[in-house]
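K.L.:
These came from TrEMBL, pasted as-is:
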type: DOMAIN; residues: 646-738; note: domain 'DYW'
type: REPEAT; residues: 63-97; note: repeat 'PPR'
type: REPEAT; residues: 197-231; note: repeat 'PPR'
type: REPEAT; residues: 296-330; note: repeat 'PPR'
type: REPEAT; residues: 430-464; note: repeat 'PPR'
Amino acid sequence: YNRLIRGGSSADAISWYSRMLLDGVAPDRYTFPYLLSACSKTSNPIDGAQLHASAVKLGFRRDVFVANSFVFYYGDLGDLERARKVFDEMPEKNVVSWTSLISSYTKSDRHREAVSAFVEMTEGNDAGIEPNEITTATVISACAKLRDLDSGERVLNSVAGGIPDSPAVANAVANMYMRCGAAEKARKLFDETPERDAILYNTMISNYVKLGEADEALEILRGMIRSGRPRPDRVTLLAAIAAAPEARIGMEFHGYASRNGLLPHPGISNALVDMYGRLNRPDLAHKVFDQMPIRTRVSWNSLLSCHARNGDFASATEVFSQMPQRNIVSWNTMISSLVQHGFFPEAIGMFRKVQREGTITPDETTMVSVASACGHMGALGSAKWVYRYVEKNGIIRRNVRLETALVDMFARCGETQLALEVFRRMPERDVSAWTAAIGAMAKEGNGEAAVAIFREMIEQKFPPDAVVFSALLTACSHSGLVKQGMNAFRDMKKIYGLTPKIIHYGCVVDLLGRAGLLSEALDFISDMPMEPNAAIWRAFLAACRIHKNEEMATTAAERMAKSDSEEVEVQILLSNIYASVGKWDDVAKVRKHMKRNCTKKTIPGSSSIEVNGAVHEFTTDDDSHQENELLNSMLREMYSRVSDAGYFPDLNSVLHDVDEDEKQCLLSKHSEKVAIAFGLLCSCKGVAIRVVKNLRICSDCHSFAKTVSKVYRREIVIRDNNRFHFFRQGSCSCNDYW
């Protein structure tokens, strides 16, 4: 009967067991493990519970062999409550009992309880039981999942003789060290292991790849090939392909796969297509794709990603149209790539196409990309629609990444209160979510609120990272909170052990410069442990321009001449400072220098505005808009009304040596003014006008927007490339400090 039960399906096994009892044949201690093995194939808890009751009734409750089988069975089903109950009721336990319980916890991702069970086994009432190789490997794997190096080493210290001479344990320990950030310990273990199997090699290579240590991964692989034993298998090659730093090395792996008969496997071919796409060799990616005997959806998506990743949307669109079947990965690849390359309206259009087709349901990844596109465009109407869509369709589902994207989306649209509402409603938060909330306050120029959120983050035991400090320092800079900003910069290393990077030094230069502390800012630059880059000088020169200090700007120019800073934006700022004080000879010198040394072209000013769900873009001195005549008429009316209200053009904002009439004409064509005029023409009375500007707003446009907000009784929100400006009743949220 045991043979019949062992070889049958769940239904057959139960049937044979029933017949066995009817025939008066008593089951032995092997019958129940065979029955449970058959029942586990169908995951039917009713059959298992009935067998458990039968085993107890027949007197097998005290049999450790049978009890272990039930612990393992319930753990395999995920019914940890019953598994623990059977375990606790066992009068006698052995190492298999403990291993079954520990394995039950790890299968259900309750790794902390698995570690606790191991500690209970080695240090509790059953401390005399020695863990075997399976126990050790299982609990070490749990420590790896927890990224808990201390517990992992505690486990190893409790094992008699240290790390057992077992390939399974060596592999688990190496993986734990790697995942816990102790790669040097993993390498030492690897080097000291006399008999290395393919699994250990694969563990080392794949973990080095995940850590971004391609050279170390390739070194392990080359050693494996040199030793000739074991031979690299499919898993090895997949990890190696992911580590290839350049096409030449990737081609070596390609050749190895071809010579060893691994190329026909779809996983290898797909990985090669992806690798060549990552290494910007779409020609070789196409060659691999064309030679594939069987092309799966993964194959098509890999080729699609190859073109989309490199910004070749013509080829990507062609591949997309040829795909026999598209899944959500295909659509997400197109949408996310459009967003990454700055094609935000096109990304929104692609999302609308997904909805129209109705065959694919957008997921969290889709909505993260769409939210990012709305945020970059500053399209509040679209942003609100996206938020309603994810709520209505239940897409959020405690997804921290998506909720963080929504916080950032509303912050970029100037709706910081909505951003904070989303943040406050998040049931779970990570450091990125806190960073988004602090960044929202920075964009608004609300440094006090940013500092308060940072303190709340620390109180809730979230360790800040370098990105958090960048957002915090920016918020302090935009609000003139010099003391709080300098304290944050000091605490970054002193308290939190983070080494400031050049972006943090740039924030401090901006902080000091905006506050008019130009000498202190220049001294700070001199004391930097690294060479100041273009961003540092850009921040300093922007402060010199705000405070009209051409002397400091000239000092900075002399310092820059000794460095390699030839970035065009820096030179333009220097030119603008000289122009604002009428030093046209110096302007000519700088521009001559730019023409000779700066290859990057200047970016024309452009502004966009969303009206009735459509985004309209205007470029400075561009008359091509279809409503151009109406816009010019509206601008004339606006100039007339704001002039009567006390507005006077700031001619210093014109950085050309021309007469005053020409300067006024040039000022009137700045893109944000045209966008505001369009908003007044096409939006309903009382609706806020929201403009996104690609450059920093000039002082004349800032003054103009303040007066327009008062004369027309409209709130005007302008997001420039640095911060938000909320114009209400003739004043700005930045308090003229930007």
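Note: Cβ is positioned from N, Cα and C throughout, glycine not excepted.
Note: TrEMBL annotation is automatic and uncurated.
Tell me about the surroundings of these features in the structure.
P.N.:
Each residue of the repeat 'PPR' (63-97) gets a DSSP state, and the totals for helix, strand and coil are 26 helix, 0 strand, 9 coil.
Confidence over the repeat 'PPR' (197-231), given as mean pLDDT on the 0 to 100 scale, stands at 89.
Taking DSSP states H, G and I as helix and E and B as strand, the repeat 'PPR' (296-330) has 26 helix, 0 strand, 9 coil.
Beyond its flanks by at least six residues, the repeat 'PPR' (430-464) meets 400-401, 403-404, 407-408, 410-412, 414, 416, 419-420, 423, 471-472, 474-481, 484, 488, 496, 498, 719, 723-724, 726, 733-734, 738 of its own chain at Cβ-Cβ distances under 8 Å.
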K.L.:
How about long-range neighbours of the repeat 'PPR' (296-330): same chain, 6 or more residues beyond its ends, C-beta under 8 Å?
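P.N.:
Distant contacts of the repeat 'PPR' (296-330): 266, 269-270, 273-274, 276-278, 280, 282, 285-286, 289, 337-338, 341, 343, 360-363, 365-366.
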K.L.:
At a C-beta cut-off of under 8 Å, are there same-chain residues at least 6 beyond the repeat 'PPR' (63-97) that contact it? List them, or none.
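P.N.:
Result: 29, 32-33, 36, 39-40, 43, 45, 48, 52, 55, 103-105, 107-108, 110, 126, 129-132, 135.
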K.L.:
Near the repeat 'PPR' (197-231), which residues from the same chain, at least 6 beyond its ends, have a CB less than 8 A from one of its CBs?
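P.N.:
Cβ under 8 Å, 6 or more out: 167, 170-171, 174-175, 178-179, 183, 186-187, 190, 239-240, 242-245, 249, 260.
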K.L.:
Using DSSP, break the repeat 'PPR' (430-464) down into helix, strand and coil residues and give each count.
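P.N.:
Looking at the repeat 'PPR' (430-464) with DSSP, the answer is 27 helix, 0 strand, 8 coil.
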